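Undergrad: According to TrEMBL, the protein carries these features:
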| type | residues | note |
| --- | --- | --- |
| SIGNAL | 1-17 | signal peptide |
| DOMAIN | 102-220 | domain 'Ferritin-like diiron' |
| BINDING | 119, 154, 157, 203 | Fe cation binding site |
């Protein structure tokens, strides 16, 4: 018995004894040794590049059989996904909900989604104010810059809440955003003062909503 030590995927070709020169191919993905039985074996050739192969001539009775073994140069030593595939199937089938969810009340999940909607609605109003003050016939670039940054800040708050919702194993639900008013000119106060008073009222509203969110019992 001859044993060829191969540490990765083995490819082999053998010529059958009944038809000299005919080739049949087989492969195995099991790492380890490959054994071949014969009455006598002679090494025919050895090649190390570009892939390692060893060809031997083995006599078995009145006919000869040529066997070639080759080791693929893949460089892969460890295949994690192949080894844990059976466990991944169990996880995906047994846990349709989030694996991170623990003592997270549905009422808290709903309250966070409501707050996300509040943040997006306020961000939308601020974006409308940015578009208004950026007009050429209004021409207040400082106000436009301020409300653009305010809009981005409220959207950032919404994204932080979405991140927390996912960490707790909840599901983010985005609700409808109301269309904001696009004209902010006020006959008595003017657009600049009116927009600042509107922004202050919106900030107080967001703060009240956040305080209400803190009162929700998030634990089961």
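For all residues, glycine too, the Cβ spot is worked out from N, Cα and C.
Keep in mind that what you see is a predicted model, and the values were worked out from it rather than measured.
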Undergrad: Determine which residues of the same chain, besides 119, 154, 157, 203, have their CB within 8 A of the center of the CB atoms at the recorded Fe cation site, and list them by sequence.
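TA: Same chain, not in 119, 154, 157, 203, Cβ within 8 Å: 118, 122, 123, 153, 155, 158, 206.
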Undergrad: Would you mind ranking the binding-site residues 119, 154, 203 by how many other Cβ atoms sit within 10 Å of each Cβ and giving me the lowest?
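TA: Looking at the binding-site residues 119, 154, 203, the Cβ with the fewest others within 10 Å is that of 203.
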Undergrad: What are the non-local neighbours of residue 157 (Fe cation binding site), defined as same-chain residues 6+ apart in sequence with CB under 8 A from its CB?
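TA: The answer is 119.
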Undergrad: If I take every residue in the domain 'Ferritin-like diiron' (102-220) and average their pLDDT values, what number comes out?
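TA: Averaged over the domain 'Ferritin-like diiron' (102-220), the predicted model reaches a pLDDT of 94.
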